[in-house]
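First the structure, in the form of structure tokens, and then the observations on it.
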Amino acid sequence: MGTRDDEYDYLFKVVLIGDSGVGKSNLLSRFTRNEFNLESKSTIGVEFATRSIQVDGKTIKAQIWDTAGQERYRAITSAYYRGAVGALLVYDIAKHLTYENVERWLKELRDHADSNIVIMLVGNKSDLRHLRAVPTDEARAFAEKNNLSFIETSALDSTNVEEAFKNILTEIYRIVSQKQIADRAAHDESPGNNVVDISVPPTTDGQKPNKLQCCQNL
């Protein structure tokens with residue numbers, strides 16, 4: 001059945017954020033269990049699921065966290081974001097208000113999460129083409145302006161769901177790998193330590209990627 005769940009080289013925590021009803025839970029279940037529930041109700045509290053993928057011969061275990069987007073769950077934000085190295089910021093392409101709220105979610109993410117977290121903007125429910133309210137080009141331009149990656153998905157018909165999660169996990173892995181190489185070069189040693197200090201390029205203007213500057217000496 002492939003790699004056992006307890007065997008992995010890296011463990012990355014990725015959080016799903018965005019308004020309630022945009023399809024976060026179904027993105028999670030589609031990627032981790034290949035399931036979709038048309039009757040799914042708003043998530044109560046927090047839940048997470050895991051799935052492992054292979055990147056460059058390494059086993060990457062993703063621990064993906066999902067919480068409801070309603071305001072009353074704001075109290076859990078600190079614990080929810082703690083330790084996250086990636087985030088999927090999800091909106092519904094058929095509901096413009098969920099896209100308008102992306103900016104607020106992005107601010108909350110940057111207030112609570114590590115400043116170097118990798119963020120992907122996800123326009124979900126791309127199967128609802130006839131109801132589209134958010135132009136793809138508009139969302140892509142917003143993502144570029146805010147240094148986010150961007151993709152449109154459909155949890156219902158599986159379009160780009162694998163790609164969304166695998167792309168963000170691969171991006172995190174590349175950054176971690178470069179950080180390890182840079183650290184070893186800087187210290188001129190390779191201390192067999194499995195604890196990875198993750199430093200990713202900044203997602204906000206005006207910040208410098210301090211931890212990666214040692215690469216310039218290579």
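Glycine is no exception: its Cβ is also placed from the backbone N, Cα and C atoms.
What Swiss-Prot lists as N-acetylglycine is GLY2.
Here Swiss-Prot flags ARG4 as citrulline.
Annotated GTP binding site per Swiss-Prot: 20-21, 23-26, 37-38, SER40, 42-43, GLY69, 124-125, ASP127, 155-156, in sequence order, evidence recorded as a large-scale study or a structure entry. Within the same chain, residues at least six positions away from ALA155 (GTP binding site) with a Cβ under 8 Å of its Cβ are GLY23, ASN26, LEU27, SER29, ARG30, PHE36, ASN124, LYS125, VAL161.
Counting every protein chain shown, 23 other Cβ atoms lie within 10 Å of the Cβ of SER25 (Mg(2+) binding site). Per Swiss-Prot, the feature Mg(2+) binding site maps to SER25, THR43, ASP66; the stated evidence is experimental evidence.
Taken from Swiss-Prot, the feature motif 'Switch 1' applies to 36-47, supported by a large-scale study or a structure entry.
Per-residue confidence over the motif 'Switch 2' (67-86) averages out at a pLDDT of 74. What Swiss-Prot lists as motif 'Switch 2' is 67-86, and the listing cites a large-scale study or a structure entry.
Positions annotated as region 'Disordered' by Swiss-Prot: 184-218.
Here Swiss-Prot flags CYS214 (among others) as S-geranylgeranyl cysteine, drawing on experimental evidence.
What Swiss-Prot lists as cysteine methyl ester is CYS215.
Positions annotated as S-geranylgeranyl cysteine by Swiss-Prot, on the basis of experimental evidence: CYS215 (among others).
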Give me the CA-CA distance between SER42 (GTP binding site) and ASP66 (Mg(2+) binding site), in Å, as a whole number.
11
Could you tell me which three-state DSSP class SER25 (Mg(2+) binding site) falls into?
helix
Cα of LYS24 (GTP binding site) to Cα of ASP66 (Mg(2+) binding site), in Å and rounded, measures 7
